[in-house]
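Q: Sharing a structure, written as structure tokens. Questions coming.
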Amino acid sequence: MTHDVLLAGAGLANGLIALALRAARPDLRVLLLDHAAGPSDGHTWSCHDPDLSPDWLARLKPLRRANWPDQEVRFPRHARRLATGYGSLDGAALADAVVRSGAEIRWDSDIALLDAQGATLSCGTRIEAGAVLDGRGAQPSRHLTVGFQKFVGVEIETDRPHGVPRPMIMDATVTQQDGYRFIYLLPFSPTRILIEDTRYSDGGDLDDDALAAASHDYARQQGWTGAEVRRERGILPIALAHDAAGFWADHAAGPVPVGLRAGFFHPVTGYSLPYAAQVADVVAGLSGPPGTDALRGAIRDYAIDRARRDRFLRLLNRMLFRGCAPDRRYTLLQRFYRMPHGLIERFYAGRLSVADQLRIVTGKPPIPLGTAIRCLPERPLLKENA
């Protein structure tokens, strides 16, 4: 059977594309292929409520594992509670919603060849489609220079209520090591909490055992005892420099990359859910029979515009990674979280105004002026990948 849209990978980006397509065009036959045996319990996708359009927030809120009305941060010289909603989605809930929408997911499907017309599985089966998108995770690109956000999280069932009422987006009062380090907390119930040791590092190597042990150490320091029920890990790109036009010139043929594979993530935070929702809207908004090249053009236009709007965010990353000593990186975030509430929300949503940008860099500089000036050019960092 020929499908209208074939999505390689059944993760976040393609899951949201499937939901959007089936909602906008219920006549389309949408197929997702993934090599895994089923949805992973090793992924938690979170975002702030204002990061999403009202339609996407309404669509995803019922699917979320948890929703919270507020959040907080903690630094050595500053702590703050923010009245901004926050929520988390897991792989099982997303996969279930995709199937209920009428799209098909085929697990245990190892793709040997993916092209603009379809996929050939390792078993020899050929699947044709009108449009083919590739959302099988991040790949290095000479057009994208990155640092890394690395984490290992342990979810524990505590013996007694842990007493954490809201997400702790960053607890940077911990010892700084391997770059900017903080603990991220998600309290899913009074006795269930995810504790994630996170590092903003120059290198992408991840010592799972060490970071898991650090997460357990944090729990003990809080007086929490209990059993580990789940673990997750991640190595996310943090964009320092990006040539979107060059990237898409390299992808002028073949399947269309989406998700992390296309560099669709918030440059500073690494959050990918809001950008995935925006791309899903682009895909679902096209009229007529779906075609790989038509989708390529629309997604490329979105990508180039998004990269242009994110230039300032990449500058902030260059200041963080190239302009600040690793053990002092936390001071930039500590200063940022003294900014107005609305500015912080717009930062996470990728909607900073020019006035917001000036507010962030005005005043006592977080790094020496000469160092900041050296961080301005983006092109030299791309040459590192040449």
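Using the three backbone atoms N, Cα and C, a Cβ is placed for every residue, glycine included.
Checked Swiss-Prot, it gives:
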type	residues	note
BINDING	4-34	NAD(+) binding site
Q: Where does ALA8 (NAD(+) binding site) sit in DSSP terms: helix, strand, or coil?
A: strand
Q: Most Cβ neighbours within 10 Å: which of the binding-site residues LEU12, LEU16, ALA24, LEU32 is it?
A: LEU16
Q: How many other Cβ atoms are found within 10 Å of the Cβ atom of ALA8 (NAD(+) binding site), counting all protein chains shown?
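A: The Cβ of ALA8 (NAD(+) binding site) has 24 Cβ neighbours within 10 Å.
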Q: If you count the C-beta atoms lying within 10 Å of each candidate's C-beta, which of the binding-site residues ALA20, LEU28 ends up with the smallest number?
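A: Counting other Cβ atoms within 10 Å of each of the binding-site residues ALA20, LEU28 gives the minimum at LEU28.
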Q: CB neighbours of ASP4 (NAD(+) binding site) within 10 A?
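A: Result for ASP4 (NAD(+) binding site): 17 neighbouring Cβ atoms inside 10 Å.
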Q: Sort LEU32 (NAD(+) binding site) into helix, strand or coil using the DSSP assignment.
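A: Once the DSSP labels are grouped into three classes, LEU32 (NAD(+) binding site) ends up as strand.
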